[in-house]
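Q: This is the structure, below, for whatever I ask next.
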Amino acid sequence: MVKAIRETRSKFLKVKCPDCEHEQLVFDKASSKVECIVCGRVLAEPTGGKASIKADVVASYE
């Protein structure tokens, strides 16, 4: 019997806020609006699939 190994296609992204330059982790398929915890600027908005990232992506983690 062969077991299928499921590979994740989603990632966590480290993004930098363009206003205050604070870095935080964001899920790339976020289903709700993500705001910067320091200044409140919107960093990601849901689009029904992958989120629309409104900040600079610094790194990607699987």
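Cβ atoms here come from the backbone N, Cα and C positions, even for glycine.
Nobody curates TrEMBL annotations by hand; they come from automatic prediction.
TrEMBL lists these features:
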| type | residues | note |
| --- | --- | --- |
| BINDING | CYS17, CYS20, CYS36, CYS39 | Zn(2+) binding site |
| ZN_FING | 17-39 | zinc finger |
Q: Which state, by DSSP, holds CYS36 (Zn(2+) binding site): helix, strand or coil?
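A: For CYS36 (Zn(2+) binding site) - judged by DSSP and reduced to three states - the answer is coil.
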Q: Going along the chain, which residues six or more apart from CYS36 (Zn(2+) binding site) have their CB under 8 A from its CB?
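A: CYS17, ASP19, CYS20, HIS22, GLN24, VAL42, LEU43, ALA55 - these are the non-local Cβ neighbours of CYS36 (Zn(2+) binding site), listed in sequence order.
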Q: Starting from the Zn(2+) site formed by CYS17, CYS20, CYS36, CYS39, give every other residue of that chain whose CB sits within 8 Å of the mean position of their CB atoms, in sequence order.
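A: After dropping the recorded site residues, what remains is PRO18, ASP19, GLU21, HIS22, ILE37, VAL38, GLY40, ARG41, LEU43.
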Q: Just how many other Cβ atoms lie inside 10 Å of the Cβ on CYS20 (Zn(2+) binding site)?
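A: A count of 12.
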Q: Counting Cβ atoms within 10 Å of each candidate's own Cβ, which of the binding-site residues CYS17, CYS39 comes out highest?
A: CYS17
